[in-house]
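Annotated features in Swiss-Prot:
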{"type": "SITE", "residues": "15", "note": "site 'Important for substrate specificity'"}
{"type": "ACT_SITE", "residues": "79", "note": "active site, proton acceptor"}
{"type": "SITE", "residues": "80", "note": "site 'Important for substrate specificity'"}
{"type": "SITE", "residues": "163", "note": "site 'Important for substrate specificity'"}
């Protein structure tokens with residue numbers, strides 16, 4: 001993509017890629033970062049999201065510095081954490097984890113935190129943390145069993161995907177919807193634009 005600086009997304013998430021594409025921004029490369037996402041003992045949700053986004057950015061930066069085509073590109077990383085109070089919910093991989101998450105979320109408010117970390121071509125780190133409050137309806141055992149059976153939850157923070165079936169569980173959202181999906185679009189695009197990335201480059205003939 002000639003005519004603009006390159007952009008690397010440090011994620012393999014189809015949702016984050018789709019959100020960037022929705023904003024008319026197409027990364028030149030994906031460099032998913034292999035980072036241990038286990039919270040440290042006593043770690044608070046905000047701190048966890050910030051730490052992991054930075055760790056993903058640093059890991060991906062090492063990778064692109066070895067690539068002549070991508071060295072000096074903008075690098076974007078993000079991490080999403082779902083929490084009830086101070087309790088961080090897992091990125092569910094097991095049926096039991098998903099069931100436990102859903103029971104905990106049932107009929108309650110929870111918060112979704114996404115930390116976005118941008119590395120500029122000059123190597124500066126810029127970071128934003130976005131918080132969204134979400135309320136679920138009271139889930140029946142049939143709701144929980146049916147949703148777990150869908151498999152949609154697998155690998156998702158908090159054991160659900162708001163852009164899928166679980167969207168029907170949501171009573172109220174206060175804040176950014178795209179933040180819950182995994183990348184707060186307004187803040188991400190503002191961050192990129194504020195650091196000199198030509199965010200409107202891909203808008204021409206985007207329809």
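Every residue, even glycine, has its Cβ placed from backbone N, Cα and C.
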Whole-number Å value for how far residue 80 (site 'Important for substrate specificity') lies from residue 163 (site 'Important for substrate specificity') (Cα to Cα): 15
Least buried by Cβ count (within 10 Å) of the recorded positions 15, 79, 80: 15
Three-class DSSP secondary structure - residue 163 (site 'Important for substrate specificity'): coil
Where the residue listed as 'active site, proton acceptor' sits in the secondary structure, as DSSP reduces it to three classes: strand
Length of the line joining the Cα atoms of residue 79 (active site, proton acceptor) and residue 15 (site 'Important for substrate specificity'), in Å: 12
